Amino acid sequence: MRILCDACESAAAIVFCAADEAALCCSCDEKVHKCNKLASRHLRVGLADPSNAPSCDICENAPAFFYCEIDGSSLCLQCDMVVHVGGKRTHRRFLLLRQRIEFPGDKPNHADQLGLRCQKASSGRGQESNGNGDHDHNMIDLNSNPQRVHEPGSHNQEEGIDVNNANNHEHE
C-alpha cells in the first residue's frame, strides 16, 4: 500500500517531512522545500517501497492489519476481534500501513537513489539542479549524533533557571 502525497493527493509520496507532518511526492517536496530558505532546513526521510505484510503475532498465518499499543502485538482482523473483548476494547490500536522509511545511513548512495526516483517520477519535466547536472538533495543522517549549538542566552537551563516559570529560582 503506497501513501499518497498529502499536498497534491494524487502522486505517491517519496519523502516524509517531520516538521510539516506530511508525506510528499517529488514535485510537491520541491515546491515546498526548495523555494523557502527555512523550509529547506526541514528534516525529511525517504519512504521505501512498501514491505511485505507482517504476519499476525497470534495465529502467525494471516497478514497483520492492527498494532495494539498495550499488548505490543500485531494482529489480523480475526485475532483482534478474539483478543480485544470486554475490558480490552479500550486498548489503543493502530492500523499497520506497511510503509517502511529509508534513513540516509541505512543504504549507501541513498540520496542518489532518491534523486533517481524523483527523476523517474517527473519523467521529462524540468527540475532544479545545482548547476552541474546533479540534483541537489540535502539529506541529513538521522543516525549521527546531533551537534549542540550554544547561542547567546541559550544556556539558561544549564544555569538552573526555568525559562518557562515566572518565579525563576536557582536550583541547588
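Even glycines carry a Cβ here, placed using N, Cα and C.
According to Swiss-Prot, the protein carries these features:
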- 5-47: zinc finger (ZN_FING)
- C5, C8, C28, H33: Zn(2+) 1 binding site (BINDING)
- 56-96: zinc finger (ZN_FING)
- C56, C59, C79, H84: Zn(2+) 2 binding site (BINDING)
- 119-172: region 'Disordered' (REGION)
- 120-132: compositional bias 'Polar residues' (COMPBIAS)
- 148-158: compositional bias 'Basic and acidic residues' (COMPBIAS)
Practice item. Across the whole of the zinc finger (56-96), what does the mean pLDDT come to? Round it, please. Key: 84
Revision key, fill the gap. Sequence-ordered binding-site residues within 10 Å (Cα) of H33 (Zn(2+) 1 binding site), taken from C56, C59, C79, H84, are none
Practice item. Among the binding-site residues C8, C59, C79, point out the residue whose Cβ has the most other Cβ atoms within 10 Å, with all shown protein chains included in the count. Key: C79
Exercise for review: To the nearest whole angstrom, state the Cα distance for the pair C79 (Zn(2+) 2 binding site) and C5 (Zn(2+) 1 binding site).
Suggested key: 32
Check your understanding: By DSSP, how many residues in the zinc finger (56-96) are helix, how many strand, and how many coil?
Key -> 12 helix, 10 strand, 19 coil
Revision key, fill the gap. Here the Cα-Cα span from C5 (Zn(2+) 1 binding site) to C56 (Zn(2+) 2 binding site), rounded to a whole number of angstrom, reaches 28
Review point. Which residues, in sequence order, are found in the same chain with Cβ within 8 Å of the centroid defined by the Cβ atoms of C5, C8, C28, H33 at the Zn(2+) 1 site, excluding those residues themselves?
Key: D6, A7, A11, A13, A22, L24, C25, C26, S27, D29, E30, K31, V32
Point to revise | Residues in the zinc finger (5-47) grouped by DSSP into helix, strand and remaining coil | key: 11 helix, 11 strand, 21 coil
